[in-house]
Every structure is written in C-alpha cells, then in structure tokens.
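Peer 1: Got a structure for you, questions after.
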Protein chains: 2
Amino acid sequence: MNTDPAWMADVAFDDNGLIPAIAQDAENGQILMVAWMNREALAETAATGRAVYWSRSRQRLWRKGEESGHTQTVHDLRLDCDGDVVLLKVHQEGGIACHTGRASCFFRRLEGPAGSASWVTVDPVLKDPEHIYK
Amino acid sequence: MNTDPAWMADVAFDDNGLIPAIAQDAENGQILMVAWMNREALAETAATGRAVYWSRSRQRLWRKGEESGHTQTVHDLRLDCDGDVVLLKVHQEGGIACHTGRASCFFRRLEGPAGSASWVTVDPVLKDPEHIYK
C-alpha cells in the first residue's frame with residue numbers, strides 16, 4: 001500500500017530513490033549546505049518542520065542536528081520546475097550548518113586565473129568541531 | 001594527457017562524471033536554478049566567467065542563455081566541504097533563469113498540512129516563454 005501523501009507524486013527521485021536538497025538560511029539567504037533526501041526523509045521533513053536527510057555514507061535517516069544540536073527549522077519547502085531538486089529555507093540553530101564548524105559548507109572560493117587558480121578557504125570556523133561533536 | 005587545471009582535482013564528480021551546480025543571484029541571494037556540470041563545463045565556466053552546464057537531456061554542453069539570451073555572469077565560484085557540489089553567484093541577464101519565464105526555477109511551495117498539502121505556484125511568470133525561445 002502506498003501511503004505517500006499526494007504531493008509526493010510530483011517529486012522526481014533519482015534512480016537511487018534520492019533527491020538533492022538545498023538548505024538556505026531563511027534570514028540572510030546564505031546557502032548553507034546540500035544533502036540528499038529519500039521519500040521518508042522528505043515526508044518527515046514536511047510533517048515535522050525539521051530538516052531530515054538521507055545519509056548516503058551511513059545509509060540511514062539523518063535528522064540534522066541529532067549529534068551537533070544544529071537543527072534546521074523549515075520555514076519554506078520548494079520544488080523546482082523539473083521536480084528533481086528541493087529547496088528548504090531554514091532557521092539554522094547555532095548558526096552552523098557545516099561539520100567543519102562553519103556557517104556554510106561552501107567556504108572554498110576559486111581564486112586566480114582559471115589555469116592556475118586554487119580553492120581558497122574564505123569563511124571562518126565559528127566553533128571547533130571537537131566541541132560540536134562531543 | 002590530462003590537461004585539467006590543478007584545482008579540478010578537488011572536485012568530486014559522480015559516477016556519471018557530473019556535479020550539481022547551484023546558481024544563486026549575486027545581488028539578492030535568490031536561488032535561481034540547479035543544473036549539472038561535467039569537467040568541460042566547469043572548466044569553461046571558470047575560464048570564461050559565463051555559466052556553462054551539461055545538458056543531461058541533450059547530452060551536450062549548454063551555454064546558459066545560448067537560446068534565451070538569459071546568460072549568467074559568474075561573480076563567485078565555490079565548492080562545498082565534500083567537493084561534490086558547486087555554487088555559482090551570478091548576475092542573471094534579463095532577471096529570468098527558468099525556462100517557464102520565471103526568475104527562479106523554485107516557484108512551487110508546499111502549502112497546507114503535510115498529509116494533504118500541495119505544491120502551489122507562488123512566483124509570477126515575468127515573460128511568456130514563447131517570446132523567450134523564438
């Protein structure tokens with residue numbers, strides 16, 4: 001029996017049953033991270049208003065913040081025109097989304113002429129990860 | 001012979017040789033779209049400062065705006081902590097990224113209680129697609 005809510009039919013999961021999910025800070029628009037969701041993660045996110053992802057490395061649901069305390073409260077859940085990416089506008093508890101202790105996972109910027117450019121870390125660590133994951 | 005620039009080694013392409021790329025409006029922070037890049041698309045984007053994607057449906061390079069005129073000038077190119085998503089901060093020519101004629105592809109919002117919610121179109125069409133793709 002299919003117990004999916006009707007709106008799930010518009011979501012185009014990939015061959016692995018996953019869809020990329022972008023978390024954007026609802027307050028300042030910063031893109032915090034991208035993770036993956038399966039049906040169960042997306043359904044729980046919609047039902048609870050807390051971001052839940054599917055951890056590909058651990059092969060289980062990942063309730064964001066379950067270890068770090070850095071939960072994400074979802075204010076807005078959107079789907080793109082192809083139905084194959086979701087966007088969450090969230091309040092990021094603690095102001096830290098990245099496991100490195102930074103606000104955002106996108107802390108490396110390509111700098112220099114394309115042929116000899118390099119990725120430069122441009123955002124600060126806000127909290128030592130050793131103190132996040134105790 | 002590998003002619004990739006050195007910075008390409010930090011980019012984790014998937015099994016299909018692709019990486020998701022988020023385009024964010026550099027001026028107002030709006031997330032415009034998500035598309036895919038292969039090595040060639042990413043290299044050309046970095047070299048030219050214009051967003052170039054890989055069209056999975058057409059299986060060829062897609063120089064954004066080549067038909068619509070809605071090019072994207074890249075102001076900032078970032079890589080996430082896992083190296084498997086890139087973020088472009090762009091100036092969106094014409095203010096329209098989506099093929100539906102909207103500013104952003106993320107124009108559908110989930111509204112209502114999770115069990116009976118639906119995707120509601122909340123952003124306006126700025127230009128009739130028939131007038132974009134002549």
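Our numbering is plain: 1 for the first residue shown, then up by one each step along the chain.
Here the Cβ of each residue, glycine as well, is placed from N, Cα and C on the backbone.
Just lifted these from Swiss-Prot, have a look:
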- A:Asp80, A:Asp82, A:Asp84: Mg(2+) binding site (BINDING)
- A:Cys81, A:Cys98, A:Cys105: Zn(2+) binding site (BINDING)
Peer 1: Sequence gap of 6 or more, Cβ distance under 8 Å: name the residues on the same chain that satisfy this around A:Asp80 (Mg(2+) binding site), in order along the sequence.
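Peer 2: A:Val86, A:Leu87 - these are the non-local Cβ neighbours of A:Asp80 (Mg(2+) binding site), listed in sequence order.
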Peer 1: Looking only at C-alpha atoms, tell me how far A:Asp82 (Mg(2+) binding site) is from A:Cys98 (Zn(2+) binding site), rounded to the nearest Å.
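Peer 2: Spelling it out, the Cα of A:Asp82 (Mg(2+) binding site) and the Cα of A:Cys98 (Zn(2+) binding site) are 28 Å apart.
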Peer 1: For A:Cys105 (Zn(2+) binding site), what residues in its own chain, 6 or more apart in sequence, show a Cβ-Cβ distance under 8 Å?
Peer 2: A:Leu32, A:Met33, A:Val34, A:Ala97, A:Cys98
Peer 1: In three-state terms from DSSP, label A:Asp84 (Mg(2+) binding site) for me.
Peer 2: coil
